[in-house]
Amino acid sequence: MTFLFIVITLLALIFGAILGFASIKLKVEADPVVEKIDAILPQSQCGQCGYPGCKPYAEAICNGDEITKCIPGGQTTIVKIAEILGVDVPTMEGIEEPIEKVAFIDENMCIGCTKCIQACPVDAIIGTNKAMHTIIPDLCTGCELCVAPCPTDCILMIPVKKNIDNWDWKFDAKLVIPVMNVDGSEKKLVVGE
């Protein structure tokens, strides 16, 4: 029994040393500029830039693609990327400011299929199989990736109207989103406390 323990321990040490050596010898060096740009991007993996995630978009930027495609990152991200690359910040003339939207699930039509939950890159949708789902407005980036997979078309994208109360002041403030119920009554959803 002791002999078996010693043999297994020696094998574990030998294989551990081989793996440690291989990880150092076969290490692939990443482009540090790509890593810096990827760290600045919002990591929502929403695909609004035309790439499947933030890392591929960072690589495309280093290969000469436009730096203005990240909608969730906004102007601040564009300025930071321009600083890293040492280029001028492109003018935003002719480029419309995207309308900020939040997904809303009509809970009377939701069948609980969980397809929207699987599609959401930021886990802004909560619910379980065969039960109603709902959206957490603070987490929703408005990427619309949850709309297409929904078989009952119960997900609507509602524009968030900017006013003095819900504008992004960069400090803890309440976000009020007007929500129209199915019965026609209107209520206000307060988030961000």
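Start at 1 and count along the chain as shown; that gives each residue its number.
Just so it is clear, glycine is given a Cβ too, placed from its N, Cα and C backbone atoms.
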Residue among CYS70, CYS110 sharing the [4Fe-4S] cluster 1 site, where Swiss-Prot lists CYS46, CYS49, CYS54 as binders: CYS70
Co-listed [4Fe-4S] cluster 2-binding residue [Swiss-Prot; alongside CYS110, CYS113, CYS116] among CYS143, CYS150: CYS150
Same-site residue for [4Fe-4S] cluster 3 (record: Swiss-Prot; known: CYS140, CYS143, CYS146; options: CYS62, CYS120): CYS120
Residues of the domain '4Fe-4S' (29-87) by DSSP state, where helix covers H, G and I: 30 helix, 0 strand, 29 coil
Of the binding-site residues listed as CYS46, CYS54, CYS70, CYS140, CYS146, the one whose CA lies nearest the CA of CYS116 ([4Fe-4S] cluster 2 binding site): CYS146
[4Fe-4S] cluster 3 site, defined by CYS120, CYS140, CYS143, CYS146: further same-chain residues with Cβ within 8 Å of the Cβ centre: CYS46, ALA103, CYS116, ALA119, PRO121, VAL122, ALA124, ILE125, ILE135, THR141, GLY142, GLU144, LEU145
Counts by DSSP class (helix H/G/I, strand E/B, coil) across the domain '4Fe-4S ferredoxin-type 2' (131-160): 0 helix, 7 strand, 23 coil
DSSP-derived class (H/G/I helix, E/B strand, else coil) of CYS116 ([4Fe-4S] cluster 2 binding site): helix
Candidates CYS70, CYS120, CYS143 (binding-site residues) - the one closest to CYS113 ([4Fe-4S] cluster 2 binding site) by CA: CYS120
